[in-house]
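Working notes for the structure below.
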There are 2 protein chains.
Amino acid sequence: MRRVAIEFAYDGTDFFGYQRQNDVRTVQGELEKALERVFKMPIQTYAAGRTDTGVHANGQVAAFDCPNDKLSENDIRNALNANLPKDIYVKKVWFTSENFNPRYEAKRRIYHYYILNSKMNDIFLRRYAWWFPYELDITKMRAGAKYLIGTHDFTAFSKKGEEEIRTERTITAIRIVRLKKNLILVRVEGISYLRGMVRSIVANLVKVGVGSWKPDKILEVLESKDRSKSAGLAPAHGLFLYKVLF
Amino acid sequence: MRRVAIEFAYDGTDFFGYQRQNDVRTVQGELEKALERVFKMPIQTYAAGRTDTGVHANGQVAAFDCPNDKLSENDIRNALNANLPKDIYVKKVWFTSENFNPRYEAKRRIYHYYILNSKMNDIFLRRYAWWFPYELDITKMRAGAKYLIGTHDFTAFSKKGEEEIRTERTITAIRIVRLKKNLILVRVEGISYLRGMVRSIVANLVKVGVGSWKPDKILEVLESKDRSKSAGLAPAHGLFLYKVLF
């Protein structure tokens, strides 16, 4: 047995989220089905993070124990891609240490969120960007984002769910850039996140960008630790787990 | 009754082509369903060109007679977009002359074809670009494309189907550009086309780009007027009807 790590992309549109569940199509479920076809036995995988329904990944990372010691990294990659559906694709495979678990060893997780900021819709982006037709001022959004950098209790920027014991999280950087005239990228870099945290950050910064809130309202929401003060969640389909750093 | 023209985009992935057919989902079928919902009566439409199954459009143009004289251009646009499925979107509406038929009055039709030229696949482009993993030399492709400019019998660059009476067509320009390191755009501008003609042009130029053919083989294929000499068709999903000029 050798522990193998893979970096892979998926289009979240047609999955009920990352985590394996009975009777619905999930990323982990499809990945483990492909592994079972390749190795003729059930294989369990451990991923860096569980993305919600509709969320995409450019660079999710998972690890598993490979029962075949003869295959090269490239053989494993090709065998997996030949057995995966069209909306999952393995970009990289590498042999790693016996106990490598991406969830516990990830040092940084980078998320990308795309906003189509145009009166006119673009149907070719409908699965990959949030269409927000009112003008956004990204200078104001950047001013709001500054309050979020560092270690804070991010309860107000999360989704209800199983309660976490610790609600402090660390955001190391937020960059907001206009990639094209109408396409805005919000790039969030952090160590780990509460559920729905990036989508909540984006929804709140959009309130600032559109002029409904002043930038320092972000600080007020953060300090409230109260979800009801917050702007809710931006749609899942604009979000990508871009990269996991170890 | 006022004749109305519309410019609209669609994602061809989930349609059985443009033209209305019984029992299958087509672009024209969905457009006419939306018009019937808006105007409470059947409305016939006339389009600039019929795209094949899987082919997309950024700027298809159609015309129809509008039974309601009170609606503005913008009202019609909004009513249509509210009634169309997510993979069709009306960008522009304008009142036009009584007999305007886009098919006969189009002066130029511009098609865009996207090639993802990279060893690594990009699943977010899987519906919109042809993944071709072997290196393409676009300088050679441009040299081959030169032979196609002008008025020629394009039989060798077409798909079998109903035989055309006239097989001469005019291509006014072909531009081949690298949009990003791995993304190549082939832009074809012509007056009108035989069936499958742009996809055939792309498939033949790719033979040149990958080095299997010399650029002047394109002239040989053209002059043969023989489909069996030609490289066949590039996949439909890389092709976009980009713009129709009047």
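Note that the numbers count up from 1, one per residue, in the order the chain is shown.
Positions of Cβ are set from backbone N, Cα and C atoms, glycine also.
The model shown is predicted, which means the values in this text are computed figures rather than measured ones.
The feature domain 'Pseudouridine synthase I TruA alpha/beta' is assigned by TrEMBL to A:9-104 (among others). DSSP places the residues of the domain 'Pseudouridine synthase I TruA alpha/beta' (A:9-104) in helix, strand and coil in these numbers: 30 helix, 23 strand, 43 coil.
The Cβ neighbour count for A:Asp52 (active site, nucleophile), using a 10 Å radius and every protein chain shown, is 18. Residues or ranges marked as active site, nucleophile in TrEMBL: A:Asp52.
Annotation comment: TrEMBL describes A:Tyr111 as substrate binding site. Neighbour count (other Cβ atoms within 10 Å of the Cβ, all protein chains): 25 for A:Tyr111 (substrate binding site).
Among the features that TrEMBL reports, domain 'Pseudouridine synthase I TruA alpha/beta' is placed at A:145-246 (among others). Confidence for the domain 'Pseudouridine synthase I TruA alpha/beta' (A:145-246), expressed as mean pLDDT, is 96.
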- [ ] Sorry to bug you, but what's the C-alpha spacing from A:Tyr111 (substrate binding site) to A:Asp52 (active site, nucleophile), rounded to the closest Å?
- [x] 13
